[in-house]
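Visitor: Not my notes, these are from TrEMBL:
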type	residues	note
COMPBIAS	48-57	compositional bias 'Basic and acidic residues'
DOMAIN	510-630	domain 'Pentatricopeptide repeat-containing protein-mitochondrial'
REGION	35-81	region 'Disordered'
REPEAT	178-212	repeat 'PPR'
REPEAT	213-247	repeat 'PPR'
REPEAT	248-282	repeat 'PPR'
REPEAT	283-317	repeat 'PPR'
REPEAT	318-352	repeat 'PPR'
REPEAT	353-387	repeat 'PPR'
REPEAT	467-501	repeat 'PPR'
REPEAT	536-570	repeat 'PPR'
Amino acid sequence: MAFISRSNQWNKARVFLSLPRSSHSALLSSSRLLTSTTEITENQSENPEPKSPETKTRPPPPPPLRERFQRGKRQNHHEKLEDTICRMMDNREWTTRLQNSIRDLVPEWDHSLVYNVLHGAKKLDHALQFFRWSERSGLIRHDRDTHMKMIEMLGQGQKLNHARCILLDMPEKGVPWDEDMFKVLIESYGKAGIVQESVKIFQKMKELGVERTVKSYDTLFKVILRRGRYMMAKRYFNKMVSEGVEPTRHTYNLMLWGFFLCLRLETALRFYDDMISRGTSPDVVTYNTMINGYCRFKKMDEAEKLFVEMKGKNIEPSVVSYTTMIKGYVAVERVDDGLRIFEEMRSVGIEANATTYSTLLPGLCDAGKMVEARNVLKSMMAKHIAPNDNSIFLKLLVSQSKAGDMAAATEVLKAMATLNVPAEAGHYGVLIENQCKANAYNRAVKLLDVLVEKEIILRHQDTLEMEPSAYNPIIEYLCNNGQTSKAEVLFRQLMKRGVQDQDALNNLISGHAKEGNPDASYEILKIMSRRGVPREANAYELLIKSYMSKGEPGDAKTALDSMIEDGHVPDSSLFRSVIESLFEDGRVQTASRVMMIMIDKNVGVEENMDLVAKILEALLMRGHVEEALGRIDLLNQNGHTADVDRLLSVLSEKGKTIAALKLLDFALERDLSLEFSSYDKVLDALLGAGKTLNAYSVLCKIVGKGSGSDWKSCEELIKSLNQEGNTKQADVLSRMIKKGQGSKKEDNVSL
């Protein structure tokens, strides 16, 4: 019986189920799906793999043959029982609670229900659990079809050990084996790349007494040839013949396909001859396989002969036949012959398919036959056939652009829209790049507007990105023509895809600077600094000048510092401009620091000595004496000489006696060459300011250095010293004057 009840509430159901099995089991069996391999179809791949003609493709599973009894409360009114069970299994873990829910839901168990549940299950593990549980719980005893379905599913999920166990355990359950079950397992191991296990299963068939017909051999041949085991295939072919199993046309088609796949031309030809000698006539699949094999070896003359022979035998070439010939001619760069075959195909009423176009168009592009390529593209659009490989559109764009036909290149983009093929950033990039090369910048900008507005660059599913050769020319153009903001929108989208292009970023800095937006330029600089992108000196120069033109010398100085930190040395004119701007803005010390950098870098110091003198004078006049002395010392270290005499003269005249005294002390300590008049001016200023001791000290240093002085105010200084009670100093000074220039040891009296 198909169902063993454990509940009294189903007694009525048992009345129906107690009918003789032959009355309805045959119906169930006849309506159930049978496992089979796919019919021979005209494969569109490079190596068409012949498929078995003996069995038909499985149709979708039929609905249950009879109405179910009562449905559970949770079941949708319009939902089939098996669909409800599948939904429960998909959304819940496999637990005892789920098992009980399914048990309570089903009023009647039969093989059709089980089969349909297995067919609809989305989780393979749950399907296997359901298969085992339903039988172990005594709810049903699986028949041949449910076993076959489970083996197929496990094979597809590559749970091959489970599939093997279920297959080998079938006799214990009273379910006999058949050849198709072993075929499924052989093929499943083959797809998993475990050829040896496929061979073992095939050998096991004989041990278990399962008949091996040509169908099993064909399955084995396909497995081992797909893995390149052509010698093993030959051995098993001979074994098959020795066992009295006659090879079919499909068998030979498989062998030919496999030997060509393994690049064994001579072996394939021998098998073809053997096929003819056995009286097996080739069909269109045979000819397609042979033609494709010759094409792989670039033997197009032989392929053409077979092509003609096939037509001579009234075997109509299929679209695969023509496409294979076209591909072969394209591969050997005989595109004209490929076009001839293409036109012949159209003339006999065979419509080209996506593979045909995908084969022909790249060959036309490589051969520079752009007019023909354009016509073929129009044909595709008219028939609304999109190619298998979307990279063909990129090749068309590049080729048409290279040929200088930008109108045709633009049509490619329109063709993509017609064929519902999304244009990616890389496609737009090719057009933009070539429009820029043709100086058609207005057209390039229009394309860019579409690219940016639709945010095509940001589509993460796209793989064809915009190249630097495309975005750099348009960014440069926009930055040089007052449209830097638009260029920045483009590049910020590119940055979100990880682009960090040095040229583009420097162009943005320059563009914003030229348009009077230095703050925007500086933001780009900070981005480049964070990402470690090198900055160009020219970009810095434009930024600095932009800040100065806006009357912002402080920001200009900050940009100058960044420029120097990046290893760029500003030229003399840039240094002068920044220093003058800061000086005019009253930032003398800041200007002094920039001047110090200029001196340290030894850039244009001599030609800017007038500016240097102006800064030094301002520092001294404002009381920044130590800073000024440091700058003078730096000048000396770098081989330059400040005009100290002039500075002393100005300070003395302006009454800046302390600054003059420090500067003179500095000059004396470093033995700087000074004019005698400079000494006199400082001494006069000190004496006039009543700083007699300072004047006395300076005069002693001058004499001590051996620098004679005929200062006329010495007597007046002596008088002032005596009046102020500094009689000792007055006496020393008197003796020094009387003795004149004595030895350094005698005259250098400590004060």
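Cβ coordinates are placed from backbone N, Cα and C, and glycine is handled just like the others.
Those TrEMBL annotations? Automatic predictions, nothing curated.
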Visitor: On the 0 to 100 scale, where does the mean pLDDT of the repeat 'PPR' (318-352) fall?
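Guide: Per the prediction, mean pLDDT sits at 96 for the repeat 'PPR' (318-352).
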Visitor: If we skip the immediate neighbours and take only residues 6+ beyond the ends of the repeat 'PPR' (353-387), which ones have a Cβ under 8 Å from one of its Cβ atoms?
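Guide: Answer is 44, 319, 322-323, 326-327, 329-330, 333, 335, 338-339, 342, 345, 393, 395-396, 398-400, 403, 405, 408, 411-412, 415, 418-421.
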Visitor: Near the repeat 'PPR' (318-352), which same-chain residues lie under 8 Å Cβ to Cβ, leaving out any that are not at least 6 residues past its ends?
Guide: 42-44, 46, 48, 284, 287-288, 291-292, 294-295, 298, 300, 303-304, 307, 310, 359-360, 362-364, 366-367, 369, 372, 376, 379, 383, 385
Visitor: For the repeat 'PPR' (318-352), give the DSSP counts of helix residues, strand residues and coil residues.
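Guide: Going through the repeat 'PPR' (318-352) residue by residue, I get 26 helix, 0 strand, 9 coil.
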Visitor: DSSP-wise, what's the residue breakdown of the domain 'Pentatricopeptide repeat-containing protein-mitochondrial' (510-630) into helix, strand and coil?
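Guide: For that range the per-state counts are 94 helix, 0 strand, 27 coil.
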Visitor: In the repeat 'PPR' (467-501), how many residues does DSSP call helix, how many strand, and how many coil?
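Guide: Per DSSP, the residues of the repeat 'PPR' (467-501) fall into 26 helix, 0 strand, 9 coil.
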